[in-house]
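Residues or ranges marked as transmembrane segment in TrEMBL: 67-87, 149-167, 179-197, 222-243, 264-285, 321-338, 350-374, 380-398.
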Amino acid sequence: SKCILCMYVLECPEASNQPTNQTRSPQLRQWLVKRGQSTVTVEAGASSTPAAATVPNAATNRIVGRWLLGCSGLVVGAVVLGGVTRLTESGLSMVDWHLVREMKPPQTQAEWEAEFSKYQQFPEFKIMNHDMTLPEFKFIFYMEWGHRMWGRLVGLAYILPTIYFWRKGYFTRSMKGKVLGLCGFVFFQGLLGWYMVKSGLEEKPESYDIPRVSQYRLSAHLGSALLLYCASLWTGLTLMLPAHKMAETKRLMQLRRFAKGTGGLVFLTALSGAFVAGLDAGLVYNSFPKMGERWVPDDLLAFSPTLKNFFENPTTVQFDHRILAISSLTAITGLYMFSRRMVLPRRAKIAISLLAAMAYGQVALGISTLLLYVPTPLAATHQSGSVALLSLAIWVLAELRKMPK
C-alpha cells in the first residue's frame, strides 16, 4: 500500500536516494505520513461500499428461484388434493365461505350437528345423500376443509416471502411485476374456487341430473391453477438453471418451436380432463381403443347446436380427451426422435427423455383408469401424472430457451 511505501521512504535513506543529512524538512515528513493515511482510508471506504449494498445477483436469484419452485410444489399439492376432493364427492360439503372464520373446523357435537344441518338444506343431500350419517359427513367435510386450508397455505407462501424479498431488494424491476402478478393470481384462484362451488349449491328445479359443479367453472378453476403452476415453475427454473450457449441453427429453432407446440398440447389435454371430471365422462364408455363397438360412437354429436357437444356431451368430451391424449403422445414421440439427431446439452437430453417416458406412462394410467371404471386412487394418480407431464414439458422449454441478450 501507499502508506507502507511512504514509511519505507522515510525510514530508509537508500530507498529515497536522498542525502542523509539534516536538511529534510519536518513538514515534508508530516505531509507524507498524512497522505499515506488518507489514501488507505479512501481505498478502504471504496472497497467496502459495494459489499454493503444489496442488489439482485446470482446468489439472490437462486434464493428466489428456490422459493418459486417451492411455491409451485405447493400448487401441485392443491391440484392433487382438489382432484381427490372431487373424486370423493366432497367439494359441496362446506356450503359457505369465510376467509378466517372457517379455518377452525367444528369442535363440539353441537357445532357438528349445526354444520350438518346447513348441508342438509342443499340439493346434494336431498338428491344423493339423504341417508348420510354424521360420521360420513365429517369425512367429506374434512376433505373439503383440508383443500381450502391448503389453498390458504399457498397464498401465504406467495405473499409473505414476496414482502420480505421486496424489502431486501432481491427483485429486479421485471421480477417485481412477475411476483405481483403471481400473488394476484393466487387471490383470483381462491375467489374462482368459491365461484365454482356455488354452482353446485344452486337449486335447479328444471334439471333431473345429480348435483355437481359447473364443468365450465371447474375447468376455469383447474386451468388457472395450472397457469399459476406453469408461471411459477418457469420463472423458478430460469432463475436456477443458466441458459445453455448453443448455436442458433435452423434445426435448433425448429426444435424449440416443436417443443412449444408440444407443451401447449399437453396443457390443453390436461385442461380437457377437467371437462371429463366435471361431467363424469370417464364412466360412459369404459373400453379401449374403441368406444363400445365403434371407433366413432353414434351419440358423438347428439346435442344441438353442434358446438354444445364439445362442452356438455359426456361422449364427445371423452372422445376429445382421447384424441388430445393420443396427439400429445405422438407429438412427444416426434420431439424425442427429432432431438436424437441433434447435439444438445446433457440436461436437455435428459429432460426430453423423461418427458417421453412420462408420456407413455400417463397414457397407460389413463387407459387403466378408464377400463377399471375410474377407481379413486388410480384416477388421482392419473391426474397427478398430467401435472408431472406438464412439468417436464416446461423443463424442456427452459433447457432450450435462448441466451438472454
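Heads up, the Cβ atoms here are built off N, Cα and C, so glycines get one too.
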Inquiry  = Does the transmembrane segment (380-398) come close to the transmembrane segment (264-285), meaning at least 3 CB pairs under 8 Å for residues 6 or more apart?
reply    = yes
Key: Beyond the flanks of the transmembrane segment (149-167) by at least 6 residues, Cβ under 8 Å   = 63-64, 67, 70-71, 74-75, 77-78, 81, 103, 176, 179-180, 182-183, 186-187, 189-190, 193
Request  = With pairs restricted to those 6 or more apart in sequence, evaluate whether the transmembrane segment (380-398) and the transmembrane segment (222-243) have 3+ C-beta pairs under 8 Å.
outcome  = yes
Query = Under an 8 Å Cβ to Cβ limit, what residues of the same chain, 6 or more beyond the ends of the transmembrane segment (179-197), are close to it?
reply = 71, 91-92, 94, 97, 148, 151, 154-155, 158-159, 162, 165-166, 171, 213-214, 217-218, 220-221, 224-225, 227-228, 231-232, 235
